[in-house]
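K.L.:
Below is one structure. I have some questions about it.
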Amino acid sequence: MHRRDFTRTLAALAATAALPKFATAQAQQAAIRFSVMLWTLNKISPTEKSIELVAQAGYQGVELVGEWQKWSPADYARITSRTRALSLTIDSMAGVRGFADPATKDQLLADLAVALEAAKRLNCPQIILTSGKRTAASSHEACIEILKPVTDLAAKADKQVVIEPIDLLENPTSYLTSVTEAAEISRAINNPHLRVLYDLYHEQRQGGNLIEKIEKNIDQIALFHIASVPGRHEPSTGEVRYEAAYRRIAELKYNGFIAMEFYPTSDALTSLRTAREEAQRAITNV
């Protein structure tokens, strides 16, 4: 090995060693991985059957919304065992909200503590947070002050929180509606335990200009969500040219999860497999 290459290797190892455990595991992944938000399959099959369907379609991860909040200890054990047997990761889980209103701060922290304990039981590295309702007291400054202790809690648990903007067509009361603003908040907190979920479905409905926003904010993005606009169906069926978005994400060396969050319009197994294969073709040889 040449001295220059050796120096680069040492620098890379040192940088990886300095990362939190969840981020170290992420950094060691060489390729983008694909996941499915399980709630989109709820009308088709129960959770465990959906997990099997996702594995059959060739994905590496599954994501939860609020399913985990109703599970018994036996449910946790069974789901964890099943995902492990199918070589799936529970890569992210939602169900916590409310960082835009100072009045909800204490409840948010209490809810997050419960979610972090659940994430530990499920070996899940990431919690999704939405801002909740916009109130007279809502502001970016208020969000930052609330998210600081949120980030501290996540850091103590060695987990990552990702904040997700929701478009106003989906929820007219949502405070955080833009990935650009989410990235500004994340940069202000400046902690790897807090990053941004970029949902291209929500962003297209809210403001568009998807690829430029990927380019400007990739340093803060730790998860992507995908669905067609309009309709929240298969990615290739709407107005967004996802092939170009996937390619740019790969060109920017993103190596986290891209999660499909759409309602299949045909056979779910075929639909999910096709969506993954289309994405993988787009990023091949980038």
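From the backbone N, Cα and C atoms, a Cβ is placed for every residue, glycine too.
Annotations for this protein, taken from TrEMBL, read as follows:
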- Glu164: active site, proton donor/acceptor (ACT_SITE)
- Glu261: active site, proton donor/acceptor (ACT_SITE)
- 51-270: domain 'Xylose isomerase-like TIM barrel' (DOMAIN)
- 1-27: signal peptide (SIGNAL)
K.L.:
Using a 10 Å radius around its CB, how many other CB atoms surround Glu261 (active site, proton donor/acceptor)?
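P.N.:
Excluding its own Cβ, Glu261 (active site, proton donor/acceptor) sees 22 Cβ atoms within 10 Å.
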K.L.:
Count the Cβ atoms, other than its own, that fall within 10 Å of the Cβ of Glu164 (active site, proton donor/acceptor), considering every protein chain shown.
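P.N.:
Excluding its own Cβ, the number within 10 Å is 22.
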K.L.:
Name the secondary structure element type, per DSSP in three states, that contains Glu261 (active site, proton donor/acceptor).
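P.N.:
Assignment for Glu261 (active site, proton donor/acceptor) reads coil.
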K.L.:
Measure from the CA atom of Glu261 (active site, proton donor/acceptor) to the CA atom of Glu164 (active site, proton donor/acceptor) and give the result in Å, rounded to a whole number.
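P.N.:
Cα-Cα, rounded: 14 Å.
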